[in-house]
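Read through the structure below, which is laid out as structure tokens, and then see the notes.
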Amino acid sequence: MATERTFSILKPDVTARNLTGAVNAVIEEAGLRIVAQRRIRMSDAQAKKFYEVHAERPFYGELVEFMTSGPVVVQVLEGENAVAKYREVMGATNPAQAADGTIRQKFAKSVGENTVHGSDSLENAGIEIKQFFDDKDIVG
Ligand code: CMP
């Protein structure tokens, strides 16, 4: 198994409810190491660029609006098979379908306000990490 890095966002519904520590506890208990973390306000341009693959989807405007509605916590997670592992720990995109014990089952309100984002492939993880972190910010 390979050590990988993946990109994570704790969304505005997390910071609004003071759940940063609770979500991080689930991440760390799953064996993923938080090797970079920063609390930011995502700009409209940053959110639009980050989610540009969804630009044609009907929920794109709502998604950008939500992601810029409050602070988010951007993170780099490291561990064995980190990309797939984090997707397992997050649970299904729709919290109604998320397995017990997953972050979205525990904390998410809806498919839109679904608490966390995680990269869907190793290639996208690299692209997404570069949008928010310099190499020197990542302390493994
Ligand atoms: P995320 O993993 O951040 O990547 C794309 C996001 O689009 C996804 O999580 C959801 O928050 C959001 N999304 C997906 N489907 C819908 C939907 N039907 N309505 C609103 N938002 C959605």
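Even glycines carry a Cβ here, placed using N, Cα and C.
Binding of ATP is annotated in TrEMBL for K11, F59, T93, R104, N114; the matching candidate from R38, R87 at the same site is R87.
For the pair F59 (ATP binding site) and H117 (active site, pros-phosphohistidine intermediate), the Cα-Cα distance reads 16 Å. Here H117 (active site, pros-phosphohistidine intermediate) is positioned 10 angstrom away from R104 (ATP binding site), judged by their C-alpha atoms. Across the domain 'Nucleoside diphosphate kinase-like' (3-140), DSSP assigns 64 helix, 28 strand, 46 coil. Cα of H117 (active site, pros-phosphohistidine intermediate) to Cα of R87 (ATP binding site): a span of 9 Å. Computed over the domain 'Nucleoside diphosphate kinase-like' (3-140), the whole-number mean pLDDT of the model equals 98.
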